[in-house]
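Colleague: Got a structure for you, questions after.
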Amino acid sequence: MAKSKLRFSLTNISTTPSSTTMLIQTTLSFACTPRTVRHRSLPPKCVLSVSPPSKVRRTHSLPPEKLEVFRSLEGWASQCVLPLLKPVEKSWQPNSFVPDPSSPFEEFMDEVKALRDRTKELSDEYFLVLVGDMITDEALPTYQTIMNSLDGVKDDCGTSPSPWAVWNRGWSAEENRHGDLLRTYLYLSGRVNMNMIEKTIHYLIAAGMEAGFENNPYLGYVYTSFQERATFVSHGNTAKLAKEGGDPVLARICGTIAADEKRHEKAYSRIVEKLLEVDPTGVMVAVGTMLEKRITMPAHLMYDGEDPMLFEHYAAVAQRVGVYTVNDYADILEFLIERWRLEKVEGLTGEGKRAQDYVCGLAPRIRKLQERAEERARKMKPRSMKFSWIFHKELHL
């Protein structure tokens, strides 16, 4: 990649008076700001959310000679990555956490009533953020499709025995339970508008996701390392808030999901760690490239048919209640830099060293920008927004 294509700067993070919102977006669960909000120009009664044409996207950027890297690591992946998938018979299933519909009717209804009683004291802000997490999980078809488009690790036939393909299918199967469980719990709680939530999921899957992977597994695995760590933090925080709010069952649900995310993060981080041994410059540039692009939250194109800036508004509430914050994002960045020992990587080309300097100096700069943004925000008039997911109740942003 030419030097001119790697700016490695913070020009993508605004420091204008509205920068609090921008910084919130850069850090919400599963990562950074959308490059643009695709739904702003949609007509009010648009049937489907479709991303309009944007700049020319780069695709298949992995040099052909590097395909061999992944072929040569198949044995290693079988031994070191696939064991991080749990056998189906030893895995939890959503039905274990919610009222059993096969139980006698009165017993089932008593369990539903107990669930509703537990959730009564949880705030509307909490439910809004939990809905956002669930909607993100429910768009799993998009994420599996994107991961299966990565050159060198894709599943060419749908049942490929390649360990990269086996991992992607197994990871998807485990992730699939997360949205199913949260959706069922939210449905039974009676606290949310399921029709608007289901419309949002429909819009989101139809819209897709602009991840910026370029069909390149280096970029894809860097992204998923960040994203899985972020979901671990986010679900861990919703677990903590549920426990504090008087719902130990929901706390256990969110904690169980967080444990899955941590295990998945371990797998993706391990892959990047191995790639660093084989191709340090290639990986360092990939980390810098993904951060320069801004690691986009999977659900950045969310839309409910009403609010064209739904993601930004949801992100602002998530930041305010502490489910996922700018500091969390900076913490994750520092965590991965330390885990991958990026500051100590040697043998880099000039391009690799520039990427190393950018990556290793980014977290403190993000924290400084956050401080400035918060200072400006304190001087601004408070804003609020009505959210269709919670029956158009108004929340402060």
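Glycine is no exception: its Cβ is also placed from the backbone N, Cα and C atoms.
Feature annotation from TrEMBL assigns Fe cation 1 binding site to E175, H178, E261. Annotation source TrEMBL lists Fe cation 2 binding site at E175, E228, E261, H264.
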Colleague: Quick one: which residues besides E175, H178, E261 have a Cβ within 8 Å of the Fe cation 1 site's Cβ centroid, in sequence order?
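Modeller: Not counting the recorded site residues, we get D137, E174, R177, T231, H235, I257, D260, H264.
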Colleague: With every protein chain in view, how many other Cβ atoms are within 10 Å of the Cβ of E228 (Fe cation 2 binding site)?
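Modeller: If we count other Cβ atoms within 10 Å of E228 (Fe cation 2 binding site), we arrive at 24.
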Colleague: Just to confirm: which same-chain residues, 6+ apart in sequence, have a Cβ under 8 Å from the Cβ of H264 (Fe cation 2 binding site)?
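Modeller: Long-range Cβ contacts: L84, W171, E174, E175, T224, E228.
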Colleague: Would you identify which of the binding-site residues E175, E261 has the most other C-beta atoms lying within 10 angstroms of its C-beta?
Modeller: E261
Colleague: Are there residues of the same chain, six or more positions away from H178 (Fe cation 1 binding site), whose CB falls under 8 angstroms from its CB, and which are they?
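Modeller: Listed in sequence order, they are D137, I257, D260.
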